[in-house]
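Student: The feature ATP binding site is assigned by Swiss-Prot to G844, S845, S846, G847, A848, G849, K850, T851. Summarising the annotation, Swiss-Prot assigns domain 'ABC transporter 1' to 125-373 and lists sequence analysis as the type of evidence. Taken from Swiss-Prot, the feature domain 'ABC transmembrane type-2 1' covers 478-718. For 1144-1369, the entry in Swiss-Prot reads domain 'ABC transmembrane type-2 2'. Sequence annotations record features per position, and here Swiss-Prot assigns transmembrane segment to 482-502, 518-538, 567-587, 592-612, 627-647, 737-757, 1147-1167, 1181-1201, 1220-1240, 1259-1279, 1286-1306, 1416-1436 based on sequence analysis.
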Amino acid sequence: MVHNNDGDNNDQEMQEIGINEKRSQFPHISVEESRQEFDSFSNNIEGESKQFGMNRDAESNMAVESEEDFKLRKYFENSNRMHLENGGNEKKMGVSIRNLTVVGLGADASVIADMSTPFYGLVKLFTPSFWTKKTSTFDILHDVTTFCKDGEMVLVLGRPGAGCSTLLRVIANQTASYVSVKGDITYGGIPSKEFEKYRGEPIYTPEEDSHHPTLTVRETLDFALKCKTPGNRLPDETKRSFRDKVFNLLLSMFGIVHQADTIVGNEFIRGLSGGERKRLTITEAMVSSASITCWDCSTRGLDAASAFDYAKSIRIMSDTLHKTTIASFYQASDSIYNVFDKVCVLEKGRCIYFGPVGMAKQYFMSLGFDCEPRKSTPDFLTGVTNPQERIIKKGFEGRTPETSADFEEAWKNSDIYRDQLQEQKEYEELIERTQPKVAFVQEVRDANSKTNFKKSQYTTSFVTQVIALIKRNFALVLNDKFGMYSKYLSVLIQGFVYASLFYNMDTDITGLFTRGGAILSAVIFNAFLSIGEMAMTFYGRRVLQKHKSYALYRPSALHIAQVVTDIPFTAIQVFLFSIIAYFMFGLQYDAGKFFIFCFTLLGASLACTALFRCFGYLCPSMYIAQNISNVFIIFMLTYSGYTIPIPKMHPWFSWFRHINIFTYAFKALMANEFEGLDFNCKESAIPYGPAYQGSEFDAYRICPLGGIEQGSLYFKGDFYMDKTLSFATGEMSQNVIIVYCWWVFFVVCNMFAMEYIDHTSGGYTHKVYKKGKAPKMNDVEEEKQQNAIVAKATSNMKDTLHMDGGIFTWQNIRYTVKVPGGERLLLDNIEGWIKPGQMTALMGSSGAGKTTLLDVLAKRKTLGVVEGDSHLNGRELEIDFERITGYVEQMDVHNPGLTVREALRFSAKLRQEPEVSLEEKFKYVEHVLEMMEMKHLGDALIGTLETGVGISVEERKRLTIGVELVAKPQILFLDEPTSGLDAQSSYNIIKFIRKLADAGMPLVCTIHQPSSVLFEHFDRILLLAKGGKTVYFGDIGEKSKTLTSYFERHGVRPCTESENPAEYILEATGAGVHGKSDVNWPEAWKQSPELADISRELAALKEQGAQQYKPRSDGPAREFSQSTWYQTKEVYKRLNLIWWRDPYYTYGSFVQAALCGLIIGFTFWNLQGSSSDMNQRIFFIFEALMLGILLIFVVMPQLIIQREYFKRDFASKFYSWFPFAISIVVVELPFIVISGTIFFFCSFWTAGLHKTSDDEQTFYFWFIFIIFMFFCVSFGQAVAAVCINMFFAMTLIPLLIVFLFLFCGVMVPPSSIPTFWRGWVYHLNPCRYFMEGIITNILKTVRVECSEEDMAIFTFPKSYNTCQNYTSAFQSYKPSGYVESATLNGEPACGYCIYKNGEEYYETLGWSADNRWRNVGIIIGFFVFNILMVILFVYLTRKGSR
C-alpha cells in the first residue's frame, strides 16, 4: 500500500551507486528540491481544503479533515520510519533486462475471419503444402538491454509500433500474449519465471480506463483497499483506519476529493469526466502497493498541468518509497521529462538510446541531428526517427542513421552504451551482495493477513476477498435501481399473466394436464430470466483481467461473491412470482407445499443462472454462448418429462434427462403437487353423454387415462405420476437435492473457468488484414518504402488540398443542464469566431467545458438548454450544417467489422458532394491514408480493444480524424485530436490541420498537452476556466508574445524564452490537480479592453461573411449529401459485409438450426399415426416455435450494437435513419432463410412428416416456418429498437415472450384460455397463426390408427349384446374418433380411439386448414408491423443523449 514498500536506512553501497550517483549525474533533478517543492504543493492543497471545507456536508467531513492535515512527503517518510521501527522490511526491487527479444505473430499469421474461413481451413487441412508451413512471426522487441534501480524512474519513448507498451508488459511479467520471450529479466535478483508467483508486485497500467461504471469513486477505491490491506499494519491501527487514511491521501494527491461520491460512469452513463476517470485509474493502481509500476500513457486525457502534478507525485513516491517506476508517455513536456532519471528510446522494437535524461539530447545531436528552438526534448528524441520531422545539421548529410537498425548500431557503438552496461553490471553485483530479495520475500509474507497463507499471491485471505466482493456486488446491483426495479416489475407482471392463464385449475382430467403445463411454465419462466446473466459475463471481463493482474482477488472469489449476491435477489424474484402464481394456479393450499414450491424454483433458477454463466465464461463470443444456450434450452425443454413422457423417449437421447435441471425440478414440483391430490374423471369418462348419466353405467365407464381400471372414476395424483409419467412421488426430496447439486456443480465449474480461462487480450492488440494484404513487420526495406510514401504525400499536400470555408461566429453562448436540486450553468456567455486561414486552440483545465462548447457549436447537444447565436457567413445555420462540418470527437467510435480503408471510403462516398466521382473520392482517401501514415493499415480490421484483435488506441485516433477529413468539411471541430498520439504523430496531425487552415478551412481544436512546437501552429486561442467562463480569446502572436503579455499585464511572472507558453498560461490560471491563482481571470476578462474589441469584431465579421460568401445557388440546403436510395444501398452493403465477417454470428445460427433440427427430429423419430403420436406432432411444432422465439435473444445485441455506430454516423449526417432501419432488418433475411432451411432438412424427414405430406404441404411447411423466423427476428429487433441498452432489453423481452408461447394454443387449449386473454391476446398473437397454419398443414392428411396402449377399452352390459349398441348414443354425441369391437380379459368389449384423423384433432381447437394461407398473410403482416416499429424507434432514438 504505502508503508510496506518503504525504507530509508539504505545499505552504504546502495547509497553510493544509487541515490548519490543519481544526484551527481542528473543535476537537473534534486531529491531535496523535489521534497521542498512538494511542501509548497501540500500547502496549496491545505489551502484548498480549507476553502472547500466550509461547503462540505457532514458525511464528507472525514475526507476534508484528513485533507487539511495532509503532507505527502512527511506522511511517506513517517509511515516508512514507523513501519521499519515495528519490524517491517523493505521492498526494493529493481529490474535488470539483458538481450530481451519479444516475438509476436506476423501480420499475415491470421487474416480477417469471414464465412469463407471454415472452408479455407478445410483446404489447409487436406493440402500437404500447408502442413509444414510455419506461422510467420516478427520481433516486437529486438535485443533490448536496460535496467531500472529501485527508487528510480525510467521514461520509455517511441513512436507507435516502437514496442513501448510491449516492454512495459514484459517488465510487468505479462507475457501470455506473445509467441516467445527470450532474454534474461530479473527483479531484485529473482528470475522472471520465479517472480511470477509474486503477482501484483509488478503491475502494468494500460492507457484505457476500465472500471465498473455504476460504482462511485469511494466504492471503487474502498473495495481495492479492502483487498490490499496488509497484515503488518502499525500497532493499534485498524483495517478501517488504515483504509480511511490511504483513501484520503490518494484522493487528495490527485484532486478528486470532491468526486468521492460521484459514480465513475462511461461513454453511456454520465459520471466522472475523462480526466477524472484517468486519475481514478492511477489512484487504483497505486492502491495495489506494487513495488514495480509500469505506466502506459497514463496522462492521456489530462491537461498539461495535471499531467505534471501526476509526474511529480510519482517522483516523490519513487524517492521516498523506493518504488521502481517505468512509464511510457506519448507526449511529455520538458517539465515531465526532467522528473525522470533515465530515458529509453525505442524505434521499431530496437533500443536506440538508454541512459540519463540529461545526456539524451546531446547524444542525438552528436549523431548529426538538430533541435528546433522551444521544441521539447521528448519531441526531439522521437522526432529524430521520423524522416519528415528530423533536422540534419549541415555537414552531416548522408552520415546520419536512417533506419531503426542504423540507430541501434550507432547506439551500441557509443560510449554511453558502454557506460550503461558497466553501470548495469555494477548494479547486478550490488544486488548479488546485498540480496534485497530476502527482505522482499519476508515483507510480502508479513503483509499477508493473518488468516491468509503466507505464500499466497494475494494480500488478503480468500474469505476476506469474497466478503469484499459481496459488498461490491451488492453496490453494483443497488446503484442500478432502475434496472433492479424494472426487473421486479417485470416479474410481477409476468406472474399475473402466468397465473391468470392457469387460473384456479380443476381437479379433473383437463386440470390434470394443465397442472403439468403450469408447473413447467413456472420453471421455464425463471430459466428465461437467467439467460440475461450470460450476457453480463462479457461486460466485466476487462475489469476482472486488470484486478487479476493487480492481485486484488482470485477470480473464483468473484464468482462465489456473485453466487452469494444472487441468492437474495433471486429469492425475491422467485417469491414475488410464486406468491402470485401458486395460489392463483389453484395448487394445494398447504404451507409446506408452497415453501417447497418456492425452494425448488429457487434452486432451479440458481442452477440455470450458473449454467448460462458457464457458457459465458467458456465462450469467446456472446453469440457462440447464446447459440449454445438456445440448443440447451430446446434440449432441456424437450426432455423435461412433460412434452414427451419418459416411456416414449427414444434411447439415443433419453440419457439427457439424467443431467437435465428441468427434469429434476419438474419431477420435484409435480410430486409436491400431485402427492395426495384426488382427481375425478366422471365428466370425461368414456362413454359419456345424456344416455350414460345413471349410476348403473358407472361400472361400465373408464377414465381416458392409461392404467386405470374400468369403473374407477376417481384416482390419486400419485397414480398418474407413476403410470403415465413414470415419476415417483417418493423421490421429491431426492430431486430437489439433485437440483441444488447441479447448482453447486456449475458453480464449481465456473470457478475453474474463471481461474484458468481468460478471453481478454491483456491490453495487447493483434492486427488482422485482408488475405494477402498484410505488410512486413519491422522490415528495413518496408520501413524505407513507408518513409518515402509519407514524404511524397507531405510534399504534395498543398497541391491536393483546397477548401472553401467561411466565417463562423458565436455570441453569448450559454448552456444549462438540469441537476438534482436545480440547474447548472456549464457555459457562461462564450463569444468567438473562426475564419479561413486561422487555427484556433480551445484550452482549459479538465472540466472547464471545452468538449461541452464544441458539442454546442457543432450542434451535437440533445439535452439541456442552449442559448445564444451562431452564424455561418452572417446567416443562420441551415439544415446541412452538421454535414458540412467535421467533428473529431474525443471518443473513437468505429464499426469494428470494417477495415480502415473501408471506413474512410464509406465516409467519402456518403459525405462528399454527389457531383464528385467515385474515383476522385477514393483517390482522396488514399491521399489521406498516406498523410495520416496509415497506408500500411488500409486493409487492417478496425476490431475492438476488448477482443485484442484490431488496431491500437493511437491508430483509432488517427482513423477518427481521417474519417472527418475525407468528407472535405467546410468547418472542422477537433476535440483532443492528439490525445493518445505520440509526439511525432501529433506533430503530423497538427501540421496537416495547419495545411487545411492555410487551404481555407476554418477550424477550432481543443488540446490538452500541446508542446511549444505544436502550439506555434495556432493563430488564436480561446481559454476557458472551470464553469465554462472565458479567460482569454484573441491572437497568440509571434512567439506567443500577444498571449503572454496579457497575463503579464495582470501580474503573472514573465514567460521565459525556453518555456512552453501553453503550460505557462495553464499554470498562470491555476489549472492542474492543486493549482490556484490569486487573479479572478473571468472577471479580469470582462473588464479588459480586449473583450470590447471582440464585440466590435464579431459584428464586423458577420457583415463581412454575408458580403463575401453569397447564398448558395444550387437550391436549398440538403441535410444529406446523397439520395435515400444511394444511402440505403451503401448502408446495406456495409452491414452485409459486417455480417459476412462475423462467422461466430452467422455460422452460429446455422449450427444452432442444424443441432436443434437434428435433436428435435431424432427425438420425434419416425412418427406414426397413433393418437399419442398425434400429440408428439404437436410438440414437434411447439419445439420448432421455441427455436424461433429463442432467435430473438440472438438478434437483439446486434441491433443495439450497430445502433450506437449509427448514432455517431447520423450525427455527422452520413445517412438518414430510414436506410439504417430498413438495412438492419433486410440484412438478416438471407441468413434466416439458410438457417430455416437447414432446420427444415434436419427435422422434417427424420420426424417422418414426409410420409403424410404431399409436395404442397412440404413447401407450405418450409415457407411458413421461414416467414415465422422472419417475424421472430424482426420482433427481436423491434424490442431492441425500443430499449436504450441490452440490460433493459433482457428485462423486457421475457415479459413479451410470455405472451408469444403461452397463448399460442398448445400450453393451454384456446377454449381453456380465460375470456379476458382469449378476447384479444390470443387473436393478436402471431404464434397462434403459425401454430394453426403449420399444425393443420401436417395433420390434415393424417389418418389415426390407435395402438393398443392408446385405445380406451371397456366392457358393456350384456343387455346391449354388442359394442355398437352400447356406444351408439356416445358416437352420436361425440362425432370425433371411432369405436371398434375389442376384448378385455376374454370378454367382449369396446375400444375407443379419440381421433380417426388429424382434422378431428385441430377442429377441437377451433382451427381450420382453410385458413393456412390466410395465416401466412397475417404473419407477414406482423413482420411488416415489426419493421415499421424498428423504423419508428430508430427514428425516435436517432440522436444520442449528450
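Placement of Cβ uses the backbone N, Cα and C atoms for every residue, glycine included.
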Student: Considering only the recorded stretches 482-502, 518-538, 737-757, 1181-1201, 1220-1240, state which has the highest number of Cβ pairs under 8 Å to the transmembrane segment (1259-1279).
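Tutor: Going through each listed stretch, the top one turns out to be 1181-1201.
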Student: Other than its own, how many Cβ atoms are within 10 Å of the Cβ belonging to T851 (ATP binding site)?
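Tutor: T851 (ATP binding site): 20 neighbouring Cβ atoms within 10 Å.
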Student: Residues of the same chain, at least six outside the transmembrane segment (518-538), with any C-beta under 8 angstroms of its C-beta?
Tutor: 487, 491, 494, 498, 502, 505, 573-574, 577-578, 581, 585, 601, 604-605, 608-609, 611-613, 615-617, 622, 625-626, 629, 633, 636-637, 640, 642, 662, 665-666, 669-670, 673, 1193, 1197, 1286-1287, 1290-1291, 1294, 1297-1298, 1302, 1307
Student: With a Cβ cut-off under 8 Å, give me the same-chain residues at least six positions beyond the ends of the transmembrane segment (592-612) that come close to it.
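Tutor: Tertiary neighbours of the transmembrane segment (592-612) are 522-523, 526-527, 529-531, 533-534, 563, 566-567, 570-571, 573-575, 577-578, 582, 625, 629, 632, 661-662, 665, 668-669, 672-673, 732, 736, 739-740, 742-743, 746-747, 749-750.
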Student: Determine the minimum-neighbour residue: among G847, A848, listed as binding-site residues, which Cβ has the fewest other Cβ atoms within 10 angstroms?
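Tutor: Comparing Cβ neighbours within 10 Å for the binding-site residues G847, A848, G847 has the fewest.
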Student: If you draw a 10 Å sphere on the Cβ of K850 (ATP binding site), how many other Cβ atoms land inside?
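Tutor: For K850 (ATP binding site), the count of other Cβ atoms within 10 Å is 26.
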Student: DSSP on K850 (ATP binding site), three-state: which is it?
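Tutor: The three-state answer is helix.
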Student: For the domain 'ABC transporter 1' (125-373), provide the mean pLDDT of the predicted model.
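Tutor: Within the domain 'ABC transporter 1' (125-373), the model's average pLDDT equals 86.
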Student: Taking DSSP three-state, what's G844 (ATP binding site) in: helix, strand or coil?
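Tutor: SS state of G844 (ATP binding site) = strand.
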Student: For G849 (ATP binding site), which residues of its chain lie six or more apart in sequence with Cβ-Cβ distance below 8 Å?
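Tutor: L826, L827, L1024, K1026, G1027, G1028 - these are the non-local Cβ neighbours of G849 (ATP binding site), listed in sequence order.
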Student: Starting from the Cβ centroid of G844, S845, S846, G847, A848, G849, K850, T851, the recorded ATP site, name every other residue in that chain with its Cβ within 8 Å, sequence order please.
Tutor: S273, D303, T852, L1024, K1026
